[in-house]
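Features reported for this protein in TrEMBL:
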type	residues	note
REGION	1-35	region 'Disordered'
COMPBIAS	23-35	compositional bias 'Gly residues'
DOMAIN	42-142	domain 'BTB'
TRANSMEM	177-197	transmembrane segment
REGION	203-229	region 'Disordered'
TRANSMEM	274-294	transmembrane segment
TRANSMEM	306-328	transmembrane segment
TRANSMEM	389-410	transmembrane segment
TRANSMEM	450-471	transmembrane segment
Amino acid sequence: MREETTLALAARGEVRGPEEEQQGGGDFPGSAGGGGGCCSSERLVINISGLRFETQLRTLSLFPDTLLGDPGRRVRFFDPLRNEYFFDRNRPSFDAILYYYQSGGRLRRPVNVPLDIFLEEIRFYQLGEEALEAFREDEGCLPEGGEHQKPLPSQPFKRQVWLLFEYPESSGPARGIAIVSVLVILISIVIFCLETLPQFRPDPRSRSDGGRVSSGGPASRGSQEEDEGDHSVYKLLNPSVIVQGGVVSGPGPSNQLIPLGGPTESASFFTDPFFLVETLCIVWFTFELLVRFSACPSKPAFFRNIMNIIDLVAIFPYFITLGTELVQQQEQQPGSTGGGSSQNGQQAMSLAILRVIRLVRVFRIFKLSRHSKGLQILGKTLQASMRELGLLIFFLFIGVILFSSAVYFAEADDDDSLFSSIPDAFWWAVVTMTTVGYGDMYPMTVGGKIVGSLCAIAGVLTIALPVPVIVSNFNYFYHRETEQEEQGQYTHVTCGQPVPDLKGVGGGLGKPDFSEVAPERRPSYLSTPHRAYAEKRMLTEV
């Protein structure tokens, strides 16, 4: 009779959980403890797909706004026949859910539970947006909710421009702009490599040497043979100097030569096809950078972004090169003055600086990381492995100092030794510890060979120690990216329906009657809507 009464109350939605019965002073079957408050020592049983958990009510009451912490919410999952709460949910996930209550708010995903399933469990148990965002931040996930979660400008026009140039996945035109940007980057890199080919590289002597003066003799004729094929025309500053057969003779070494048609050389630089293609690429890079800067929602955050810094580094060598060429063209005008030796020294220094600046153009390849998920994963891996990389460099530094000193003293008595000093042996120690072994420097004595063997073994052990940690970090970021791509591909069905409203049914229901309620009277199972998380679709998938 007691069982039938309980079923009838459950059918009317008036059933109370064991903790509520305890608060009311009743003696509910199966409840642990008696007579005390609900937060003293009373326990309840939670059945997760057949796996039973038992915990105290005061543990769940720490978070009263959650599904398990609110008696009014969890009562609809109460099974009066077994005196327990039944949830048809993922069993491994509930260990972490229950630990969330026991630890006072620490949420950790089990290693054997996929990220998308655990996120669904968090939503089902209604742990709250704060706990969900904290968990997603710990997992390194992108903010949920799509574009409205991204920092966007307040003005509609700037917002559209920012989406076009910053988020290629936002629309078709944005993806087209990203494809054009990638093509321009590739063209710029190809031009950077092709212009160094010998058939495309101009003779540096016609640009770096202010002229060559000789006073005749075999040396002058040898110089003439070296310059055979150099068709630069020179004008003498000293009219008493005579040029015969390409050999310059005159009163002294103070005679100076300057190239005829200096502006013509500069003009040829500005008409060079490589320079023209490079100019078109820089125009696009500059336009893209300025548009993104003018439409960005935060100017300080724009300059703190490493990708924007790479964009700046990629374009400024062009403008420095252009300014240098214009200055040289101005100095080569007929009316320009200046000492020959000092001018040549300045030109040599400017050319050395210019080579270094042009080398910076190679960093333009990192612009591809904006559109390549693989490069982004590699960058995150290196950033997370800075401690291990520093440890690796420190170990190498100690080994280089130790073994270069040892091999120098081991080879000191050999007259044919290739190690003239300890700093000279640094190179040998580095290539040996990294197991490269160029063979340009090698020990000849028995002691030196023993030191070299120990150096190679120490190098293998030194490099092998931190590498697994770096590989583990890479695997973590790679699997995290793949898990984010898989989010939103699965829909989970909630469990535990509210007991149907049977107020129109008179009297109590027995067990057979309760289990045979007409289907039309039962509310349909609620299903969680399909949630698609915002993710960046890269042009280059790895």
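Here the Cβ of each residue, glycine as well, is placed from N, Cα and C on the backbone.
Predicted automatically and left uncurated, TrEMBL annotations should be read as such.
Here the transmembrane segment (306-328) has Cβ contacts under 8 Å with residues 266, 269-270, 278-279, 282, 285-286, 288-289, 292-293, 347, 350, 354, 357-358, 360-361, 363-364, 366-367, 369-370 of the same chain, all six or more residues outside its ends. Averaged across the domain 'BTB' (42-142), pLDDT in this predicted model comes to 89. Here the domain 'BTB' (42-142) is broken down by DSSP into helix, strand and coil counts: 44 helix, 18 strand, 39 coil.
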